[in-house]
Amino acid sequence: GWSFSMGSAYQFHSWRVFVIVCALPCVSSVVALTFMPESPRFLLEVGKHDEAWMILKQIHDTNMRARGQPEKVFTVNRIKTPKQIDELIEIQSDTGTWYRRCFVRIRTELYGIWLTFMRCFNYPVKDNTIKLTAVWFTLSFGYYGLSVWFPDVIKHLQSDEYASRVKHFRNEEVSHFIFNFTLENQIHSNGEYINDRFVMMKFKSVTFEDSLFKNCVFEDITSLNTYFRNCTFMNTTFYNTDLEQYKFVDSELINCTFFHIRTGCQISFDDDYSAYWIYFVNFLGTLAVLPGNIVSALLMDRIGRLTMLGGSMVLSGISCFFLWFGTSESMMIGMLCLYNGLTISAWNSLDVITVELYPTDRRATGFGFLNALCKAAAVLGNLIFGSLVGITKAIPILLASTVLVCGGLVGLRLPDTRTQVLM
């Protein structure tokens with residue numbers, strides 16, 4: 001949403017401001033982490049039992065006050081200290097060299113990580129890990145794949161509609177004329193322009209082909225998607241324009257002069273509405289997530305995690321199928337909003353289920369593994385869906401619908417954790 005509003009206000013020149021504002025959440029998170037208490041489990045592992053007890057007491061007292069029971073006293077019957085994976089390895093300062101000590105320490109840590117990771121595939125969580133892997137992969141593949149595909153397809157529809165309105169001008173012969181207006185979406189072929197002046201103009205999606213420019217002047221020109229193909233320029237002057245060398249494709253310039261050539265992007269959103277449209281589409285898609293978050297927060301404990309996960313993914317897959325009938329920009333944007341609103345409920349419920357299915361000693365490792373798999377699926381989805389833009393709609397729609405429905409059906413096979421005590 002911010003990118004949309006800032007883009008319309010600052011146009012293309014705000015990327016530094018945009019990057020700074022995007023970095024603010026990360027900076028805020030770092031600041032907030034300084035006020036976060038340390039994990040009680042970690043404190044127990046390093047032998048700081050009193051600090052772990054105080055943090056648990058703080059959590060207990062906060063929860064009891066929220067329940068209206070501030071008088072309830074926090075008690076601990078026993079403390080079970082987690083086994084440290086490297087407690088059997090002692091590295092003395094006078095044994096070996098420093099790099100050997102570092103190597104042994106790193107190897108021990110990696111071995112401990114590997115053992116914890118493999119425990120995610122042992123009883124009693126092996127079956128859950130396999131099912132969660134399928135759900136995380138399918139949801140990420142479909143969601144991120146379509147997130148890239150949606151804006152590109154809408155832009156492709158716009159491009160096709162824009163190209164259908166192109167105007168062709170052939171065999172023009174213009175001499176001693178002053179062009180001082182905007183040319184847009186035009187193709188000029190086999191023309192001759194003698195002693196003409198192009199002053200204070202904007203060229204927007206204009207192509208000159210096999211044309212001759214003789215004794216002409218181009219002054220204060222701004223261009224977008226404009227090219228001169230196989231053209232000849234004789235005794236022509238270019239002053240304060242953005243017509244760089246790459247815009248002259250297979251063209252011949254004879255005795256031509258360039259002064260004050262402007263480099264970089266000179267186009268605003270008013271000139272190139274497609275750039276503004278990309279922000280707008282993403283803004284609407286992101287805005288549609290808000291009601292989905294509210295609904296999932298209110299209904300998570302009422303209808304259950306599994307019902308929300310499976311139902312959201314199946315409904316998302318069905319909504320994808322209706323994209324087949326999307327022939328206009330407004331219809332595609334509406335389906336994008338519906339899809340995002342449905343899918344976010346699946347993400348929220350999947351996060352809760354994943355946390356509640358793993359015991360404490362494997363929770364972080366299992367969640368991290370599934371998130372890494374999620375990113376791999378996102379990259380794969382971006383590559384596959386992005387390569388099909390402008391080629392066919394059938395494959396992306398059927399692929400996304402299939403994987404989402406299958407993932408939702410697998411998610412319904414997971415155990416219900418609504419009333420389950422965390423391990």
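Numbering starts at 1 and runs along the chain as it is shown here.
In case you wondered, yes, glycine gets a Cβ from its N, Cα and C as well.
TrEMBL annotations: computationally assigned, not manually curated.
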>> Between 132-155, 276-299, I'd like to know which one TrEMBL lists as transmembrane segment.
In response: 276-299
> To which of the residue ranges 31-55, 331-355 does TrEMBL assign the term transmembrane segment?
Replying inline: 331-355
> Looking at the stretches 276-299, 306-325, 331-355, 394-414, which one shares the most CB pairs under 8 Å with the transmembrane segment (367-388)?
Replying inline: 394-414
> Given pairs 6 or more apart, does the transmembrane segment (276-299) have at least three Cβ pairs under 8 Å with the transmembrane segment (394-414)?
Replying inline: no
